[in-house]
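Undergrad: For 1-31, the entry in TrEMBL reads region 'Disordered'. If you look up TrEMBL, you'll see 12-31 marked as compositional bias 'Basic and acidic residues'. If you look up TrEMBL, you'll see 109-132, 152-171, 200-219, 225-245, 356-375, 387-406, 515-537, 557-580 marked as transmembrane segment.
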Amino acid sequence: MRGGGGREDEEVSRKLKSMEVDKLGDGGEESPRPAVKYYGWKAMPFIIGNETFEKLGTLGTSANLLVYLTQVFHMRSVDAATLLNGLNGTTSLAPIIGAFLSDAYLGRYLALAIASVASLIGMFFLTLTAGADSLHPPECGVGETCEKATSYQFAVLFIAFGFLVLGSAGIRPCSMPFGADQFDPNTESGKRGINSFFNWYYFTFTAAMMISATVIIYVQSNLSWPIGLGIPTGLMFLACVLFFMGTKLYVRVTPEGSPFTSVVQVLSAAFKKRSLKQPKDPKQDLFSPPHTSAIVTKLAHTDQFRCLDKAAIVASPEEVRSGGAAPADPWRLCSVQQVEEVKCLIRIAPVWSTGIIYYVAVVQQSTYVVLSALQSDRHLGRGSFEIPAASFTVFAMLAQTLWIPLYDRILLPRLRKITGKDEGFTLLQRQGIGIALSTVAMVVSAIVEDRRRAIAHSQPTLGKTMMGGDISAMSSLWMVPQLMILGLSEAFNLISQIEFYYKEIPEHMRSVAGALAFCNLALGNYLSGFLVTIVHRTTGSGRNWLAQDLNKGRLDLFYWTIAGIGVFNLIYFLICARWYRFKGTSN
């Protein structure tokens, strides 16, 4: 990794040290703005290190929660999958609230500090549920009637989940934008640093997830749950320490108040002036005071959603304060800048919505892929070593880990020459490729699951799981291709989603941008849980597709259903992408 400086950065820094001056809109007075010193890559070990250890501590453990809930808390597989979908959905939805609080009041640094401590507390309580005998049901053997968890035991478990949700509310939306804040966006080296940061950030925490999905999950599943959960708790403690160690290097963007207030003001003003005629010359007829923000880029006027332009029409001289730089009533008159910011959000919404259905396929690797692995031969060769069922997610991570540096260092320079664009494939093209690959992964999953079940019916089985299902003689390694395709799909779609939101949403809403992808994941989890419930209830009277024993069900048909939905989602995405207009700036 190289530093974020260079001659150009030094020259900019030298000029900034002389103090920049901003014109204040209403008073016309000059106010000195202190120079901002960007440390670039020098701050990355603390930020990426915090993210890496946090992923080792929390998300790695979450990959094994299905096994923990079924084997330690003795839940039915359908109930555990539904609970896990709900938990993952809430964990991914919470960042929207965290992003709002960060952008409006806390700032990204304070939000990350609070969230890191909350995650540590959550991991501590989760470790207690495994380590204290009174906080989980007694053990039971194969074929025995297992005692269910008590309300008290579930209460402690949900307290742990609550703190983990609180942690995700701050870490997920703020970590990546906070890292990007450390680069100077006004220099070429800073811009290149931001572009590389997105890929390398994702690469490092994916590598950490691979370690978690192998070493930590093996300890949890094969050696000891208390030790297997205690190790991530210790790693989460290191994440907190590392984050606070870099405090003096961080650039902290000061929150400018709730960004949603401006959105509501535009909608309110446009509604109040709905009877006015559209302006003939937007440049002359719309309220566009001097742009004074040092953070937010001035946007150019666009002709989409022109009904919103009415919010910027000056209906009478009394609507503007003396000096012409501010409205007398911000709920009746808004600037062109405010209107264009709302248009940005509206344009993003259709593209964003395609991610909800996309994640229905992705979340299966933490639910029914794990259950399929439990009912297949997980031995490596002829040895006695068995791959933990939850560790199969490592193959998706492996595909991401291999692809990201390959794309960033080898393919991207060649694509730049071919396409003439810095990003090679556009952000929307990469998202579309990811959606297509997720559909292919579901098709492969359906074929492999059909084969696994057929072998279980036609050949001798290898015993029974703790839940009573026969273990198919098919090697679980046949599931690797579908997981590799899913991992490649995420490498295309997830990174480009976050970068797309980061670049297309106004700067003062960037924590919200970081939360949008996780909001998709949340709604995808909820939708997956809804599909599981509907399929279970609809087919339960006959041959239940999602039976407790997968050999008696038709999980392959469930996968085919998701693949069919994915095809329609891809078509919808192509329509949205063709319609989308990228954000333009005004010099």
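Keep in mind that glycine also has a Cβ here, set from the backbone N, Cα and C atoms.
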Undergrad: So, taking each listed stretch (109-132, 225-245, 356-375, 387-406) in turn and counting its Cβ pairs to the transmembrane segment (515-537) that are under 8 angstroms, which one gives the highest count?
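TA: If we count Cβ pairs closer than 8 Å to the transmembrane segment (515-537), 356-375 scores highest.
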Undergrad: Would you kindly list the residues that approach the transmembrane segment (387-406) from elsewhere in its chain, counting only those six or more residues past its ends and only Cβ-Cβ distances under 8 Å?
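TA: That would be 63-64, 66-67, 199-200, 202-203, 206-207, 209-210, 213-214, 217-218, 220-222, 365-366, 369-371, 373-374, 378-380, 476, 479-480, 483-488, 490-491, 495.
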Undergrad: Suppose I define contact as three or more CB-CB distances under 8 A, residues 6 or more apart in sequence; do the transmembrane segment (225-245) and the transmembrane segment (200-219) meet it?
TA: yes
